[in-house]
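> Per TrEMBL, the features are:
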- 6-105: domain 'NusG-like N-terminal' (DOMAIN)
Amino acid sequence: MEKEQVWLPLQTVYNKELTVAAYLKEQGIEHYIPMTYELRDTGREGECSHVLIPAIHNLIFIHCPYDANWCRQFASEAPLPVYFLKKERNGNDYCTVSERDMQNFMHATSPDIQGTRFIDSEKLRGKRSVPVRVVRRGPLYGVTGKFLRYGGRHYIAIEMPQSTALLKVSYTWCETIEDIE
C-alpha cells in the first residue's frame, strides 16, 4: 500500500532556502517556497525592477509520503543544515500539512496577489476570528481562512506551521462557514 502524500515544512538556516530548493529539484522532490516581489534598484538612475524573493525566509514545504526515517535520512544527507518541524518539541512526529490545506495556502500566497503579509502565528493567539471562504470571483476565489482584525485592519489569516499569511480582504467578499475544512 502506497503512503499518502503530505506536505512537510522544512526549515533551513542562513536564508539558504533557494540553495536547498535547487538541491530538492536535483533530487526530483516537489517543493514550494512562498515568494513575493520586491523592488530592487537596477543601478541606473531612477530605475527599479521587480525581483522574486522568498516571502518567508528559512521555510520550504516539500511534498512526499510521510516517513519519519526518510526525514531523518534526508536531513543528514542534505548539503546544508535542514530541520523538519516537529509537532511537539520533545516528540518524534513531524508536522504535516494536508494536500487541501497546502493548495489553499499556495493559492493565497501566489506572488501575483499583492499585499500579502506574513507574520508569526503566535501574534494571532487569542484573537477573535470567524471561519470564512472568499466567494467573490477573482484571484482569491475559494480561499478559506479566519477573518480577523489585526493592526487596525481586517484580514483573512491562513495559518501554517511557523507562519501565517494575512490577506487584506473586504468582509463583503466572504461568507461564513462552519469550520475550515
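Each Cβ is built from the backbone N, Cα and C atoms, and glycine gets one as well.
TrEMBL: automatically predicted annotations, no manual curation.
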> For the domain 'NusG-like N-terminal' (6-105), what does DSSP give as the number of helix, strand and coil residues?
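Grouping H, G, I as helix and E, B as strand yields 28 helix, 37 strand, 35 coil.
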> Summarise the model's confidence over the domain 'NusG-like N-terminal' (6-105) as a mean pLDDT value.
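Value for the domain 'NusG-like N-terminal' (6-105), mean pLDDT as a whole number: 91.
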